[in-house]
Amino acid sequence: MDNASVSAMLHALQDPAGLPAPAWIFQYLNVLTWSFHIAFVNLSLGSGLLAIIAFMRRQQPAWARLSVAMTGVAKIAVSMAIVLGVAPLLFTQTIYDPSWYTSNVLSAFWVIFFIFTLGIGYTMWFVFYFKNHDVSHAAQAPDTTVWWATGALSLLIFDGFIMHVLSYQGLFPQKWMQWYAPQGVPVMNGMGIHAFELPRFAFFIVMSLTMTGVFLLGYARYFRARDDFPSDYLDLAHRIGVKTAYWGVALQLITGLLWAWGLPAYMQVFTQPLFWLTLLLIVGVVLYARQVPVGGSALQAYSAMAFYALMALVVSVDREALRVAYLAPFHYDLASKPHYEWGAVVWFFATFVAVGGSLVAFYTTMLWKAGKVKGLYTADRTVSRLGDVAVWINWTWMASFFAIGVWAYVRNIL
């Protein structure tokens, strides 16, 4: 298909309902929310790998404790990755609906398979967690227990590969008809994996080491406030964090350069300031992590995590910029989609800021303070007030939601 035909096809496949607001709003939100999602994907994979390695060395008390801790971190990180993956998925479906839905139809078998393997993998990790959720269990667990974790981690990585394929196939609309009906014969089984880019996929996987490394720096600093966390154990976590970040950054540079080298020549990626900014931030993460001393200040340790967050955000920008560049020859025009509905937009952002903000503020503050206390935590005045505010905002939101619904219903039937 020539570019004009592909452009006409993409326009015909766009949802006629369009967008309730300018597309750039959804693009910015897509970039922002995807950076949160990939952070927890990275943390789940990196902490899962470290939990396995530490479990194999569980005869040493510090390593056994680290395995238990990372097993719990991975368990929570997977659930957070799933929850935070909903928003960027919805934004992608909204502004790139022809690409996303066509890719899903072409590989429909793997879309369904993803759901099953994610559930099986997460269940397997829970089995490992129940056998390794405290040091006494870890010491008594047989060596074969690690196969539950290995199987779970393998399935989670495979799920990441499926998502990579679905996203990557959507970048080549000029090949969709060829994939759907090679030699004019439609293939309806949805079992095809038509396109993937190994350096791109590997880049996001090895980024897990970088995330886990800086997380360990924050972990080692955070728990120094508790006397039931030995300093030698926290020192070990800190040193492992620095080494892990080193490996992550080195592998990110290798896979990132291979990825950039394989991009189409017309993108001229090596002349783009965004490319060099990304490399600078990747290297900057490990250079900063390196100078954080063992037992250093909270600002130093948590700044390393903030450095990773900035790098992940810029990588998310890169990802969106590449998608725009891939679709540019076909004049995929997001500006033609808006059908403005400002009431829905205002309601969305009010929900996002008020409901989401109040709940996140309450849970984050409560968990931050509770984690620094051994045993039972009693909420202080600040946490109690945040909880009260969150409850009242949620009740107000629900009352407003139903009131608007009743008003709209009555208005349309009278």
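Using the three backbone atoms N, Cα and C, a Cβ is placed for every residue, glycine included.
Note: TrEMBL annotation is automatic and uncurated.
Summarising the annotation, TrEMBL assigns transmembrane segment to 34-55, 76-96, 108-130, 146-166, 201-223, 244-263, 269-289, 301-317, 344-368, 389-410.
Using a cut-off of 8 Å between Cβ atoms, the transmembrane segment (301-317) and the transmembrane segment (34-55) share at least three residue pairs, counting only pairs 6 or more apart in sequence. Only pairs six or more apart in sequence are counted, and the transmembrane segment (269-289) with the transmembrane segment (244-263) gives three or more Cβ pairs under 8 Å, enough to call it a contact. By the Cβ criterion (under 8 Å, sequence separation of 6 or more), the transmembrane segment (34-55) is in contact with the transmembrane segment (146-166), since 3+ such pairs are found. Of the candidate ranges 76-96, 244-263, 344-368, 244-263 has the most C-beta pairs within less than 8 angstroms of the transmembrane segment (201-223).
Against the transmembrane segment (344-368), stretch 389-410 shows more Cβ pairs under 8 Å than any other of 76-96, 108-130, 146-166, 389-410.
With a threshold of 8 Å between CB atoms, the same-chain residues lying at least 6 positions outside the transmembrane segment (146-166) that come near it are 41, 44-45, 48-49, 51-52, 55-56, 71, 78, 100, 103-104, 107, 110-111, 113-114, 117-118, 120-125, 127-128, 131-132, 193-197, 200-201, 204-205.
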